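Data first, discussion second: the structure below is written as structure tokens.
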Amino acid sequence: MWLWALIPVSFGFFGMVGIWTVCAVAVKNGAVNLTRGIPLISTCAAYPPQTSIFSQTFNVVAVLALMTVAIRYKQIQDYGCHGKVNVASVVVGSLAPIGLSVTSNFEASVFYIPHFIGGLVAFVCILTYNWIQVYLTYRALVYKGRVWVVPVRLFCCIISTIMLAGVAFLTSCHQKAFCEWIFVMLAFLLFGLFATEFRHIERCYLTVQMPTLKEECCMPAPVHINHHALHMPC
């Protein structure tokens, strides 16, 4: 069902539109001056009203990311990959939205340490999650003929790793900002690529309690993804 593909697409769309809106408002208000170089994302979002736009954008993005991670976990599981790597992916993938929420709701100009820690957790977990997905994509053979997605995801992960290293080790603030913007855009792109798989999901239902034999007539709906039926435990 192609509607499931709207979840990762919405993640990328809201993220990109929101973050560039923050930058545009910051430039218009004079909070940043592009003639002096590329600003950090946190610098663009340091003052109102762009602070509110930034926070709301990433609150929405965090929810969409959690939904994407959960559905992706069940999808990979339905393809026969029940190992620890898939479990690790959902754990790491769930930490990333938490980091996004923290860094977006604690302004760098007021609460620098929580903002920094949240950003660090988000960036590291996003990169780790995407590398795990490169492995799972190949291992679970999810794409069913869409072989172009594997090298695209691999290439984006390599560039993302280089950009994150630049954020960590470069001394120039403008160079750090350039690497940060590229990393974030690639993160939105990589999550958006899940739409190529999610559009093949037939249906997905949540079961919160296993039925007894006497309750078969009122049996709760299991999780159905890609022709398989799974029960999601509480």
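Heads up, the Cβ atoms here are built off N, Cα and C, so glycines get one too.
Per TrEMBL, domain 'CWH43-like N-terminal' is recorded for 4-201. Note on the domain 'CWH43-like N-terminal' (4-201): its mean pLDDT in the predicted model is 90.
As annotated by TrEMBL, transmembrane segment applies to 53-73 (among others).
Annotated transmembrane segment per TrEMBL: 85-106 (among others), in sequence order. For the transmembrane segment (85-106), same-chain residues at least 6 beyond its ends with a Cβ under 8 Å from one of its own Cβ atoms are 42, 45, 54-55, 57-59, 61-63, 65-66, 68-70, 72-73, 76-77, 114-123, 125-126, 128-129, 132-133, 135-136, 139.
The annotation transmembrane segment is assigned in TrEMBL to 112-136 (among others).
Per TrEMBL, the feature transmembrane segment maps to 148-169 (among others).
Annotation comment: TrEMBL describes 181-198 (among others) as transmembrane segment.
Sequence-distant contacts of the transmembrane segment (53-73) (same chain, six or more residues past either end, CB-CB distance under 8 Å): 4, 7-8, 10-11, 14-15, 18-19, 21-22, 25, 44-45, 86, 89-90, 93-94, 96-98, 100-101, 103-105, 129, 133, 191, 194, 197-198, 201, 204, 225.
Long-range contacts of the transmembrane segment (112-136) within the same chain: residues 42, 69, 72, 76, 81, 85-86, 88-89, 92-93, 95-104, 106, 142, 150, 153-154, 156-157, 160-161, 164, 167, 183, 187, 190, each at least 6 residues beyond the stretch ends and with a Cβ under 8 Å from a Cβ of the stretch.
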